[in-house]
Structures are given as structure tokens and as C-alpha cells.
Amino acid sequence: MSPQTETKASVGFKAGVKEYKLTYYTPEYEVKDTDILAAFRVTPQPGVPPEEAGAAVAAESSTGTWTTVWTDGLTSLDRYKGRCYDIEPVPGEEDQYICYVAYPLDLFEEGSVTNMFTSIVGNVFGFKALRALRLEDLRVPTAYIKTFQGPPHGIQVERDKLNKYGRPLLGCTIKPKLGLSAKNYGRAVYECLRGGLDFTKDDENVNSQPFMRWRDRFLFCAEAIFKSQAETGEIKGHYLNATAGTCEEMIKRAMCARELGVPIVMHDYLTGGFTANTSLAHYCRDNGLLLHIHRAMHAVIDRQKNHGMHFRVLAKALRMSGGDHIHAGTVVGKLEGERDITLGFVDLLRDDFIEKDRSRGIYFTQDWVSMPGVLPVASGGIHVWHMPALTEIFGDDSVLQFGGGTLGHPWGNAPGAVANRVALEACVQARNEGRDLAREGNEIIREASKWSPELAAACEVWKAIKFEFEAMDTL
């Protein structure tokens with residue numbers, strides 16, 4: 001190649017690394033109503049300025065790459081690039097910053113949580129210039145929200161289907177979670193539903209194992225549902241876990257549930273994936289099935305305070321992808337969950353419009369434009385003594401799920417269900433009478449136990465059980 005040719009080729013083009021902040025840090029930018037906004041907790045490597053770190057996040061999660069490329073000139077980067085438009089230090093933390101990034105809506109495929117996350121939380125989380133990176137919150141614009149179906153049915157439709165109003169719904173996870181035969185499993189389902197629960201549940205890892213194939217479980221659980229309905233006069237359900245190794249097999253299991261006439265199926269949405277979850281949510285709406293969502297694997301993503309993704313983002317994504325219930329922590333049980341932060345994402349699941357509230361970890365105002373809400377499920381290490389607190393914290397639009405707190409009753413499964421139903425009814429009545437559940441909760445349970453021997457026995461068994469560990473999910 002002649003020197004003259006080299007000179008011509010280099011005119012107006014200099015390959016090499018340039019600072020991201022020159023292109024992607026734009027503090028003068030005014031965000032648009034159609035932008036997706038993200039709040040990242042950024043921990044830069046030593047010597048990397050926060051402006052460069054924030055700009056790197058914006059670049060690597062949108063149009064940027066490590067060097068100047070010829071094809072930048074073939075499109076309008078100014079139209080498509082992400083922009084870091086604000087940076088603030090994290091109070092009480094050294095070298096941590098909240099970096100706000102705006103993404104043009106054209107970067108994302110309509111109706112695809114999968115595509116949205118592939119961009120926003122894709123390769124950028126392995127970027128060497130950052131010691132750690134956490135996505136704290138997203139503002140999803142109404143223009144993008146309207147491209148999603150959302151939950152198959154929503155809270156009001158579920159209440160109408162079940163004919164249950166004015167109280168939280170009661171559930172129970174069948175234990176032991178693995179090892180029971182299908183017939184013994186169905187027996188436990190029947191006893192719990194007959195005792196007064198609204199729902200029973202497959203555990204998240206109950207799929208189709210050698211000791212209990214899925215079709216056998218579905219048949220025995222359906223029999224338990226219809227038998228308990230006939231005896232109690234109440235509509236009952238069991239979360240039949242349709243999660244499978246392929247989307248085709250998952251839909252086949254959901255079709256079987258529909259043909260059996262049961263009201264609800266279940267999916268592990270993180271291990272199953274958002275594409276599978278959205279497909280199942282569409283099937284459930286088309287065929288009148290409610291959809292219970294388990295969040296198995298969430299703590300791998302959201303437990304660390306400085307890296308990963310907060311559960312409020314996963315909760316928003318689930319509402320978009322589709323689900324009628326989702327596990328959301330308990331505040332008082334064995335699983336992670338600080339009260340204000342938990343109630344923040346519970347409101348994001350249920351309400352139509354949520355104002356920005358940094359005290360609860362909500363970084364952006366979110367408008368769901370009438371997308372149906374999702375019932376939060378409180379589950380994990382809870383028992384009858386927790387009932388007043390759970391009723392006060394979560395309110396009526398929730399599912400309170402007692403696994404060991406039902407099946408661990410000294411008299412058996414049905415008395416365990418009776419104890420929970422009596423405790424719930426007592427708390428709801430006391431609240432409706434104007435009593436303070438937070439202050440008088442234990443007294444309310446003691447009063448109810450005087451006329452319910454099942455509740456009295458449960459109170460005695462679990463009177464000393466506490467899970468007193470400091471929550472890691474703090475602001």
C-alpha cells in the first residue's frame with residue numbers, strides 16, 4: 001500500500017480508544033417522556049472518574065464500543081445512544097455513585113423484556129473499568145408499557161373468579177417439597193384445602209422427577225381441588241408448576257391443567273426465562289388460567305448491595321412479562337426483606353401510579369397506564385403469630401402462604417389450615433373494628449385461640465420461633 005493511499009484512508013478517521021465521557025456524558029440533556037430511565041449504583045475502579053464510569057455504562061449498554069469504528073458514520077449516534085445525564089454520590093458509601101442513564105425507546109423491541117434486559121444489563125456488568133455495578137431502578141415509559149400484555153388477569157379479575165373479597169388469600173406450599181408420591185402429595189393438598197386454605201402450591205423445584213411425574217401430580221391435585229370445593233362450597237386452587245425444560249413442554253403442561261378445569265398454574269420465571277414466561281402468560285390469558293410466579297434464583301441477582309439488580313427491577317419486569325402472583329418476601333419471616341423497601345416494590349406490583357420516593361428505594365415515578373396489578377405473595381418461615389403483622393403490612397390484596405406453618409401443626413395438615421384461617425379471620429375482623437394490629441396483634445391471636453383448639457395448639461408450637469437477622473437490602 002502506497003504512502004499516498006494510507007494518507008487518504010486516515011483522513012477524518014483516527015482509530016483508537018477515546019474517553020466515553022466525551023460522547024456519552026451529557027449533563028445538559030433533558031429527558032424525554034419516551035426514554036427508558038435507569039438508575040445504576042456504580043463503583044468505579046481506582047482512578048476512574050465517576051463521569052467516565054457513568055458514561056461507560058451508558059455507552060456499553062447502548063451504541064458504544066471500545067474504539068472508533070467506520071460504521072458510526074452510517075447512522076445517527078446522537079439519536080440512538082444512551083446518555084448518562086446525572087450523577088450523585090451514594091450517602092455513607094465511599095466511591096459509589098448513582099448514575100442516571102436515559103435510553104431512546106427505539107433501542108428496544110416492542111413487548112420484549114428479554115431484549116430490554118439484554119441491552120441494559122448485558123455485557124456492561126462485566127466491564128473492567130467498574131469494580132461493581134447494580135441496577136437500582138428503571139422508569140419504563142408509558143409508550144413502552146403499552147406494548148406489553150402484562151398479567152394474564154390481574155387482582156380484580158382474580159377476586160371475581162374466586163369469589164373472595166375483603167381479606168388476603170391464604171396459601172400453603174406442600175412439604176416435603178421433594179420425595180412424595182403423587183397420591184400422597186394430592187392427599188396433603190386435599191387436607192389443606194379442606195381445612196380452609198384458598199390455595200396450595202407446588203414448590204419451585206417440583207417439575208417432573210422420577211418419584212412424581214407431572215401428569216400424575218396434576219391428576220391427583222385436580223381430584224383434591226374438586227373434592228375440597230364440593231365439601232366447603234368455596235373455590236379452591238393448587239399452583240400446578242408448569243415449568244419445564246422447553247417452552248413446548250411447558251405449554252403442554254398448561255394445556256393439561258386447562259383441560260382438567262383447574263384455575264391456576266405456576267412458573268419459575270427467572271430460571272425459566274422471560275421469553276418462556278411471556279409465552280405462558282399469553283396462553284393463560286387466552287385460556288382463563290391464573291398464573292402464579294415464583295422468583296427462584298432472584299437472590300443470585302439481587303442479594304448483593306453493590307452488584308447485580310434490585311428486586312424492584314425484577315418485579316417491574318415480571319409485571320410487564322406477565323403474572324398474577326409473585327413472591328415478594330415477608331418482612332417478618334425467614335427470607336430477606338426490609339419493610340419500607342419491600343412495600344416500595346409491593347406498590348410497584350399492585351398500584352397503577354407510583355410516585356418517586358427515595359425513602360422506599362423508588363427512584364422514578366412509574367405510570368402503569370391501567371396495566372393489571374400483581375398480588376404479592378408473602379412466604380417463607382411464617383406462622384400464626386406473624387398473622388397480625390402480615391395482615392397489617394400487606395393488606396387485603398396479597399397472598400399469605402404458610403408451608404411449614406400449616407403442615408408442621410402437631411395435629412396434622414387440616415388442623416394447621418384451620419389454625420391459619422381462624423387467625424386470618426380474627427385479624428381481619430379486629431382490623432375492621434378499628435383495632436391496631438401492630439400493637440394488639442398477639443392479644444388478638446390469644447383471644448381467637450380460646451375458641452379454636454387448632455389455633456391454640458399452633459400458638460403453643462411456634463411461640464418461640466423467630467428469625468432475627470439484620471436485612472441486607474437497605475438503602
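Keep in mind that glycine also has a Cβ here, set from the backbone N, Cα and C atoms.
Annotated substrate binding in Swiss-Prot involves N123, T173, K177, R295, H327 plus, out of the candidates S62, S379, S398, the residue S379. K201 (Mg(2+) binding site) sits 10 Å from H294 (active site, proton acceptor), taking the C-alpha atoms as the reference points. Least packed by the Cβ count within 10 Å, out of the recorded positions K175, K201, H294, is K175. Counting only residues at least six positions away in the same chain, the Cβ atoms of N241, T243, D268, T271, H294, A296 sit under 8 Å from the Cβ of E204 (Mg(2+) binding site).
DSSP assigns K201 (Mg(2+) binding site) to a strand in the three-state reduction. In sequence order, T173, I174, K175, K177, L178, N241 are the residues of the chain that are 6 or more apart from D203 (Mg(2+) binding site) and have a CB within less than 8 Å of its CB. DSSP classifies K175 (active site, proton acceptor) as coil under the three-state reduction.
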